[in-house]
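Have a look at the structure below before the remarks.
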Amino acid sequence: MEFFSLTLYRKKSCCKIGLYILLLGYAIATLFPFLWAMSSSFKTLSEIVSGNSGLIPQHFTWDNYKKIIWEEPLFLRWLFNSIFVASWVTGLNLICNSLAGYALARVSFVGNKFLFWIVLAILMIPGQITLIPSYLILKNLGWLNTYQGLIIPNGVNATFIFMMRQFFINFPTELEEAASLDGLGVWETFWKIVLPLAKPALAAQTIFIFMGSWNNFLMPLVVVSQPDLFTLPLGLNTFRGEYISYWNYIMAASIVFTLPVLSIYAVFNRYFIEGVKFTGSK
Amino acid sequence: MEKNQLFLDKKLSQSLTGYSLILPASIVLLTFAILPLFYAIFLSFHKVKILGDVEYKFIGWKNFIRVLSDERVLIALKNTVEYVIIVVPTQTLLALGLALILNANLKGKNWFRIIFFLPNITSSTVLTLIFMWIYNADGLLNNLLKFLHLPTYNWLGDPNVALKSIMLMNIWSTAPFFAIIYLAALQDIPKYLYEAASIDGVEHWEQFLYITLPALKPVTFFALVMGVIGTFQLFDQAYIFSGGSGGPNNSTLTIVMLIYQYAFKSLDIGYASALALILALVIAIATLLQRLFIQEEKFN
């Protein structure tokens, strides 16, 4: 009996090692392109051309970063544009979506239900259909090639209005009742009581909206044609055209582009996984 | 009487508060979601001139009829459908496999989750650039294939391979994401179901067939529909890959890229809107199906 269970145990742990190898293999396949890009950004062009596929640069150099940051006149500008646009988009979304979600969840006014159904309907409108008309509307407003053209259309997100509403509906009403007894109005209650308690929902929203704006390619491609207003994805795309075989520069630029999101991810990765559950799977 | 008036006043002020809370969001959604929807329908029935003053000429169904005889639509449709048919099942199966492994009580699960999520937070621009470099004539992938004595390919320049290169990249970047979602669902399956089955002497693979798979049905449906919606909208990767042309030899021309080219390169706004409307309809149906299905699951 003892012998039997031992072989069973061995068989099981053997199986487990196999699973580990599979999983580890896939994890390496996922991670390797990133590490390789990172290491290439510290290699000299001659080393890259010579076909060294190793992860450790033979001649470690910062020159690629120096080149793109200090000698590429527009690179810092693109970085600034991306940060500026993504920050505004995130801020606007946090405020507008939360206010709207709160109103739909908690304030009884005529048309509340109807507006909620409209938000649900908007959720179903695919982005492709609004692209061309939005372009024409922006053109009419004179907002092509402006920051507001990049910011305002993305400043509200029906998905997150819906989610904030769901969040506030499950909120205990006692706190708000107490606030109202203390003589606080709806606005004060919202800012001082409700919003601070909504931090987890706001954190998930911040991450997804910021990332969405940071990585967005199609919308800026349509709205902006002046290189000094490019966000990083567009900048990077033209950058590649300009330095078509200078992969050392292209990789350095890609890493600079990725680092901010990566650091947010490193700090908040809990919220990312939570957010995935939050946004849809069930 | 006075009481009534007080009640009405309160209701009015409540309503005003409600409207003022919802006003900022309404303005944006009205201008950039609802108005565009109707505007798109309007545009698709017109010939539109946008250079100089914008002019519209009503032409009825002509834009939609033109779609039927447009050779490039056929090519883009063929590419897109091929892309969807190969990528979606592959990435879903791969995700399921990865999730099952992850669920086998291994240590370091969280580390794998963190790594698997990486492609999902990285912009498509950066992913595409990294892969273009991996796909280089003497890049990483060809070096690896040479090392293994396998045939190498011109991943970027060969019309027979270019779309497959994008597929490979997409499967690589999306499968781990669905694996994480699958894993969450796997961990929600009550343990006692398996315990009961074990006591009844049900084999492992039968447990998988009769307990695990049915429990994963909603997630599988979610993964398939999200996969179809995502792949149908393929644009960034193909655009950056081909420098906006859809080449080599139209092999990476997708529907969204075709819409982009018609609308913003040839300024054929009406026709592009008709195409977008057709695509949107297909996607809306897929979304609707998914919502209905998931709602139903919840009620059951």
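Just so you know, glycine gets a Cβ as well, placed from its N, Cα and C.
Pulled from TrEMBL, these are the features on record:
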type	residues	note
DOMAIN	B:77-290	domain 'ABC transmembrane type-1'
TRANSMEM	B:21-42	transmembrane segment
TRANSMEM	B:83-102	transmembrane segment
TRANSMEM	B:114-135	transmembrane segment
TRANSMEM	B:166-187	transmembrane segment
TRANSMEM	B:208-235	transmembrane segment
TRANSMEM	B:269-289	transmembrane segment
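The stretch from B:83-102, B:114-135, B:208-235 with the most CB pairs below 8 A to the transmembrane segment (B:166-187) is B:83-102. The stretch from B:21-42, B:83-102, B:114-135, B:208-235 with the most CB pairs below 8 A to the transmembrane segment (B:269-289) is B:208-235. Outside the transmembrane segment (B:114-135), and at least 6 residues removed from its termini, the chain residues within Cβ reach (under 8 Å) are 98, 141-142, 155-156, 165, 169, 172-174, 176-177, 179-180, 236-237, 240-241.
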